[in-house]
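Accompanying notes for the structure given below.
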Amino acid sequence: MAMGEFDLIKRYFQQQILVDDSVQLSIGDDCALVSVPENYQLAITTDTMVENTHFLPTISPEDLAYKAVATNLSDLAAMGAQPKWVSLALTLPNVDENWISTFSQSLLHTLKQYNVTLIGGDTTKGNLSITITAQGFVEKNKGICRHKAQIGDLIYVSSTLGDSAAGLTQILLGKSAVDSDDVFLQQRHLRPTPRIELGQALIGIAHVAIDLSDGLISDLGHILERSQCSAEVELTALPLSSSILNKYDRTQAEQFALSGGEDYELCFTIPPEYKDELELRLKKLNVPCTCIGKINEKCGDFSPRFLRDGKPVNITFSSGFDHFKESK
């Protein structure tokens, strides 16, 4: 007998791992009911992942579930929010119980890893896609937005850039992971780390923040447009991993870093006088952050300008991923 929607949910997704006092009503009713702490605001984000647009048909259900969760939590991290709850809308072409079992176990394990509770969702038949709505909370009026960059701010990025795009390139070419560099790059694509603790550490010192989902050029451009300013970025300051430099030349590595996307690192700005405070806060975290440029007065459009050793250079490759432009 074919498994129905409610049987599927009950068997695979109603295995609540966490006991969460903030959840008064969860899976099994028309809505979930949750409580937000006093003097905090609710932060909400939604992302959809569609097969052949956001992920390859060859991705494992374990990696797909992890990445679907992590990319949503990354949005909350950029706001400085504490992730708390998610709902899942899962569209499946058919009911493959082995696939669903593996996917659900990975999803619930990932949620437990980040202390997040699944509180509801929906399933339907169609081409494979995953939509997750993630919710969290941030102290009232303390959320880090995109529109408050100030002239003179220093621009920082976390960890290293371009690894995900380099890993995806290897996967698209059918390259097996034959050494530690390959493993590192491919895992950076399949298993990004949402910088939740970093986002919270930036509250009170960062003017703006964004997670790098579409590439540095594109995502920094969002900050510049919302903040009505321009920026200079020093290419020699871009943090590149030893793995990407072992596998690609510097020019290709920079291209991955600037326009590859899906690094899910944080890009943020702080006023220069908070530089020491930032370094102090970073000592408590295992996440290096690198200053790559500064915010300037608006000049021309909102695309960042690039320097190499302090001298202006032109960037000729793509600015980043855009769902609709890429489909034309």
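Just so it is clear, glycine is given a Cβ too, placed from its N, Cα and C backbone atoms.
Taken from Swiss-Prot as is:
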BINDING   D30, T45, D75  Mg(2+) 4 binding site
BINDING   D30, D75, D211  Mg(2+) 3 binding site
BINDING   T46, D47, D122  Mg(2+) 1 binding site
BINDING   D47, D75  Mg(2+) 2 binding site
BINDING   H54, E262, F321  substrate binding site
BINDING   G121, D122, R146, S213  ATP binding site
BINDING   D214  Mg(2+) 5 binding site
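Sequence features annotated in Swiss-Prot and their locations in the structure.
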{"residue": "D30", "record": "Mg(2+) 4 binding site", "CB count, 10 Å": "6"}
{"residue": "T45", "record": "Mg(2+) 4 binding site", "CB count, 10 Å": "21"}
{"residue": "T46", "record": "Mg(2+) 1 binding site", "CB count, 10 Å": "13"}
{"residue": "D47", "record": "Mg(2+) 1 binding site", "CB count, 10 Å": "17"}
{"residue": "H54", "record": "substrate binding site", "CB count, 10 Å": "19"}
{"residue": "G121", "record": "ATP binding site", "CB count, 10 Å": "17"}
{"residue": "R146", "record": "ATP binding site", "CB count, 10 Å": "18"}
{"residue": "D211", "record": "Mg(2+) 3 binding site", "CB count, 10 Å": "26"}
{"residue": "S213", "record": "ATP binding site", "CB count, 10 Å": "21"}
{"residue": "E262", "record": "substrate binding site", "CB count, 10 Å": "21"}
Candidate nearest D122 (Mg(2+) 1 binding site) in space, where candidates are the binding-site residues D30, D211, E262 and distance is Cα-Cα: D30
Cα separation, D211 (Mg(2+) 3 binding site) to T45 (Mg(2+) 4 binding site) (Å, whole number): 13
Binding-site residues listed as D122, D214, least Cβ neighbours within 10 Å: D122
Spatially closest candidate among H54, D75, R146, D211, E262, the listed binding-site residues, to T46 (Mg(2+) 1 binding site) (Cα to Cα): D75
Using Cα positions only, nearest of the binding-site residues to D30 (Mg(2+) 4 binding site) (D47, G121, R146, D214): G121
Distance [Cα-Cα, Å, rounded] between D47 (Mg(2+) 1 binding site) and S213 (ATP binding site): 11
C-alpha spacing of R146 (ATP binding site) relative to H54 (substrate binding site), in angstrom: 24
Those binding-site residues, out of G121, R146, D211, S213, D214, that come within 10 angstroms of E262 (substrate binding site) at the Cα: D211, S213, D214
Intrachain C-beta neighbours of D75 (Mg(2+) 4 binding site), sequence separation six or more, cut-off 8 angstroms: T45, D47, A134, D211
Three-state secondary structure, T45 (Mg(2+) 4 binding site) (per DSSP): strand
R146 (ATP binding site): secondary structure state under DSSP, collapsed to three categories: coil
Euclidean distance between Cα atoms of D214 (Mg(2+) 5 binding site) and R146 (ATP binding site), Å: 15
Integer Cα-Cα distance in angstrom, G121 (ATP binding site) to the residue listed as 'Mg(2+) 5 binding site': 27
